[in-house]
Structure formats: structure tokens, C-alpha cells
């Protein structure tokens, strides 16, 4: 076996050597040596080597690149390009997402801006309307102030003329007395004090010399003008608007406002800042945010020195202007928590009266009425106070007979920034007015009594501590504590009240109107003056609080009374005469059913009737109550909110009851009191006599509802003569009215109806009645009131039972506003059960007897302004 291997090896070596040494043979010569396709054997390791060198041109013939190398290069480049493309795609998706979010956010912002611009535009328009309305009201107030100033100047001239006449009269009397001394057995020793007249004239001239009119710089109010800005975008930027997105173009559609402040009488125009804020942009001037306004009225009253700034009340101060009556002697009530220069309390400027040297509370329509005296500013001839809540009258006049205490302390009032407003007031009461039962003459102070009657003098003083606490909810609690000294031992040096130095002294002259006939009796004898206090004193009450102010209906009910800080109230019970027998604190003044008492006391008049007055603690708390309003015309003239229609409290003449009525102040001249209304048929008007006597139904604050006021009230309201207004409306919306002079009799007279002097568009159905049936049978004039349980008509049967409601029936009707309410208008009487008759809400001369009206109203107002 081994030998065979050796043999094979030898043969192989020999063959190889033979082949290598042999030359070209015939095979190669015949072309057998041509290179042809060969079977390529793949090596497993060929493509595993990734580090192949590049093929150059020189190497291409004998060393070419392999397909594996080419594939590797292609894959590498492809992967690189794929990565780049994916990166670009991711960036594109992220940009699209951000762009979408940005667009959504921009759209939301634009919607918010549109809403804000629209709200700002509405606020600008509202501000423009309110400012114009405020300016017009201020102009009206300025005109009223000028009228009052002119009235004051006229009264001052009259006072001066009367003073001259009185001086001349006293000189004439002195001449006559001197002339009869030679012929008379006994003459009166009398001296004429002309120096006192000269002093009074000088003081009066000083008062007249004061300029009450507003200063020239305040005669013309600035005018605020608001107008839209025409070109919001400057011209050089308009071309760029074409390139902006549509949502941004929407900003140019929002109108912007420009505010300008023009001062009449000058060329100065004050504009606000130049910045606009889209719709309703307003340009404002810098202002003090803590001040609610400023009104420097200058010298606004006789004897007033310095400026009062009631609008700028400072920290914790509030200022409220509540207009009052437009009638004579009443311009409203201004209560300022920060009273201004020279004042330490509330100032209630109103209507100064002739002879007064301060400022009076409004609501004083009577000549010579003193009203509510709270002046503490510098006043020529008088710097005292008169607080009606305590009733203390503290004169400080240099006139004869008056002396100021050595330690005057008329009270202090402090407003703090918190909710607690402490105040302390000391009051000193001096000698009192005392009269004896046998002498009808009232004397004051230490004046000698010429008759045989006895006069006593008493002194008392009191110290009042008032603390006002305002809670976080706005509730205001007033606590008062008064310490009274009956013997006057704790008083400082007291002053004489109204002491007269002799006949002809004019000490009380400034507190009374010279035109009154009882003027001379008042000056010489000291008698109380009826009507000295305004019947409308309590109608103007302003509650000044640190958080605001509010007003209400300032009338007392029968069972309980509404107390208002700073304003005293009359007790509603007790009737007293004008001559008081005994006093324990100060003077009483009476007018009709109303009594003003400065302190709590028991008072007996000459007839022996007594009226008890209430107080707090051991104090003698003052109560003052004005005459309540009688009707809606009175409300219109005196109530702070009387110019607006609504529900008000009134007190009927001749009655002690106070009740609520609805006043229509918008129709015609205003002052209409609603006495009957039908609107929807929700209330049955087929009622008893007692129901119609007392009234029934109800109204809401807007005057909607069905009701009948009551025949008793109609009688009391129409005793002095009234105007009846009947308003009718059919189902098509057509309206008509009828007006009559109107009066309703008493219950003893059957509440008889008296009408005359028809005017209107509805036709005269109450006097002329129905033309077809004749006025004799259908006129309602002079007819008594009838109900189904009390028949007073002219028909043999009961008209009220048949026609469905109480009315002033004849035989039977041409008008019946209390009939059965049929919706729709025209109705067929044959369908009515149980009586087939025209018993709807009818006014024959307007729509016929077979047409039931949709709405009817009956209103009354005084025939003449009372």
C-alpha cells in the first residue's frame, strides 16, 4: 500500500515536469489556448471583507471591483439619504403641529379681543350717555341755584327795606309818645336804641355784599365729547394690511373712540392720553382715585366763608347728593361725611330764608320756617348750631341779650377709615320759655313781666355721646347716651335764649320772615310762631355711611316708625296746641297735628290735653317728624325719588293712617295716584260693600296688578277737589283717555260721584252717558255707589249684581270699569250666564257696550298744586 503511494507520487512529478518543459503543441496551434468562459468558483470569504480598495484605471484590467463592494457602497449611501429624509419629515411634522397650535391660539386671542373690544365699546357708549345726563342735571341744578340766589337777593332787599321801615316806625312811635307827655297824666319811659338798628343794618349789608353766585371759572361746565376715530392705521402702514392674515385684519373693523374735554368759554381742549385700546378706547386725564368728585361751591350761602368740597371726602368719607323738592325753599339735601372748611359735622345746605345767617335744611316751604340748622362755617352774626335730633338751639349772635359760654363745645364728629365712626356731642340748654295759665303772653329769658302773672326760669343742660357702628354688611347701629342735669349745676356759663334788651330789639328778626303778620308779636312777646318749622323737614333724609348712601320713603307708619340717623322725628300720637304750659328742656313748636320737641317731656296745653314723648335712657331724646305727604303730587314736589313712578307712603288728610299707593309721575304733569286698574281679569270685582270701602287687590313695584284703592280713601283724597283721569285700551292697542273734575262723597252720602268738566278722547260716558238710551238713565254723575249687597241705583233690580261689580250705577250704565273681564274684546251678551246682558268692562262712547276693554286705569291728582 505504501509502495503504491510512492509510485503515484513519482508519476505526478514526472507528468508535471513533462508538461512544463514541452513547447507549443498542435493543440495550442489549433487554437486550443484561447481564453474562454470559465466556471467561477465562489469563495465563501469573498464578500465578508468590507475593506475593499477602490479600483483605479491602471488596475482595472487585472484587478476589477467586485459586486459585493459595489453593493456595500450603494447601501451605505442609501442609508445616509434615508436618514436625511426622515429627519426632514420629522422637522416638517413638528413645524405643521406648531403652526396649527399657533393658529388656534391666535384665533382664540382674536375672539377674546373682539369680546373685550365690544364690551369696552359698550362701556364707552354708556359712559357717554351717563356723562351727558349728569351734565344736563348739573346744568339744571345750576339754574336752580341761580334762581335761589336771585330769590335770596330779593329777600335780602326786602329785609333791608323792612328794617328801615321798622326803624322809621319806632322813631315815629317815640315821637308820638314824647308829644303826649305834656297832656298825659302818666307816660311810659321809653328809649329808642338806634345803635342796635345800625348794627343790624351793617350786618345785613355785609351779608348782602357776599357774592352767592358761582365763580366765573365754574359758570361753564366742561363738555366731554366722544367720537369714533376715522383712520385707525396711518397711511404709510395701510399698504402692509394686504399682507397680514385675515384674522389680523379684523382688528381694523373694531371702532375706536376718542375722548375730548372741551371747556366752554376758552380755546383749551384737554385730551386724554394718546394711547387707544381698540374698541371704545378712551383717553383719560390723571385723576385722584380716592376722590369721588369735587365740587367747590365757593361761597354758597350767606355768611359762609371758605370752600366746601363735599365730593372729595377723603379716607372713610362719603358724599351723597339727594335732590329734594323743586318747590320754593327746597333745593335738596347735601350730606357730606367730610364737611369741608370750618365744619366739624354734617352740613345740610338747603334754602336760606330771609333774616337767616346760615344754611337751612331743605323742605321748608313756609316763610319764616327755620328747618334744620346745622351750619358751623363762618357766618356773619351767627356761628351757632341747631341740631334737630337733640333740639338744642345754641345761638352765638352778637345781637343784644345773647352771650356765648366761656367753654363752648358744640360737639365734634370724626370719620375714620374703619367701620366704626365714633362721635361725641355736648349740648348746653339754657333758660326755657315758660308761661302761666292766666297769661296768654309767652316771655323768654329774664324779661320783665308787665302783667300780674308769674314767670319762672329753669335751667338744664345735657351731654350727648353718640357712637355709630357700621358692620361689614352695611348695617348701621347708632347708640346714644345722654346725661342730663336738671338744675343746671353742671352747665358752663349759660346763655340767654332770645333775651330782649327792650322794645324794638330785633334779636329774633333773622329767624322769622318779615312778611308774616305775626312778626311783630313774635319779636316783642316771644310767642311761638306757628309754622316755624317746615312741614316737609323730615322728607329730606340722607343717611351718610362710610360705604355709601341710600334713601327710602321717609314717612312713619302707624304702628312703628322709621328712624334715620341725624334726623329727629315727630311722634305720631298726641295732639297739642301752640301754647305750651311747662317745659323741662327747650321750646316746643306746633303746627297742626305735628309737634316738634327738642327733648322728652310731658306737655300740657291750655285745654289740659297731654302728649307724651319718648326718649332714650334717662335722656330727653329729640323727636321731629314732618308732615307726611298727602298725595302723589306732594310726593313729586317733596320726595327725593318723587320724580320716578313707584310705590310711596302717604298720610291722608284727616286720617292718622299711613298707607302705600302707586304714583305715576310720567303721565302728563305727573302726580297721578292710581286708584283702580284692570289688566288681565285675575281679580274678581264683584265684591261686597265693605270690600269696596276698604279696597282690595295688590300692585307690584312696577304698578302691575288689579286693585281698587277703597272708597274711604277716595273720599279723603278728593275732599279738596281732584282731577280724575280714566285711561282705556282696547285689544287692538288703541288707547284713549277721559279727564274730569272729580269728587267722591262720604259713606253717609253713599260715596256719591261728582264729575264735571270733561276733557279727552274716549268720549264723555260719565256725564252724558249713552246717546241711545239717554243721559237721564245712563249718566253716572251724582249717583251713589252700589254693590250686590247694598243697592243704591235707580233700577228696580240690582245693577251691581247683574253687571258684575260695584259702580256708580244709574239705570244702569254707560260705563263700568269694574265689570266682568272678557278676553278678546267683542262678546255676545247672549252667551253670558246667568244674565244675558252687556256686563263687561265697558266705556260705551269708546268701544260700545258689547266690547270688553283689555286694560283700564283710574288715576287722580289734586285739582291745583297744594
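Each Cβ is built from the backbone N, Cα and C atoms, and glycine gets one as well.
What Swiss-Prot records as phosphoserine, among 56, 66, 746, is residue 56. Residue-level annotations in Swiss-Prot identify, among 102, 392, 451, 576, 451 as phosphoserine.
Here the candidates are 374, 505, 528, and Swiss-Prot annotates 505 as phosphothreonine.
Considering 45, 417, 542, 779, the record held by Swiss-Prot lists 45, annotated as phosphoserine. Those same-chain residues not listed among 791, 793, 795, 797 yet with C-beta within 8 angstroms of the centroid of the Ca(2+) site C-beta atoms are 786, 794, 796, 798, 799, 800, 802, 809, 811, 812. Cβ neighbour count for residue 799 (disulfide bond) (all protein chains, 10 Å cutoff from its Cβ): 28. With respect to their backbone Cα atoms, residue 791 (Ca(2+) binding site) and residue 812 (disulfide bond) stand 12 Å from each other. When the Cα atoms are compared, residue 793 (Ca(2+) binding site) and residue 799 (disulfide bond) turn out to be 7 Å apart. Sequence-distant neighbours of residue 812 (disulfide bond) (same chain, 6+ residues apart, CB-CB distance under 8 A): 777, 778, 793, 795, 799, 802, 803. Between the alpha carbons (Cα) of residue 797 (Ca(2+) binding site) and residue 686 (N-linked glycosylation site) lies a span of roughly 16 Å.
Ranked by Cβ neighbours within 10 A across all protein chains shown, the binding-site residues 791, 793, 797 are led by 793.
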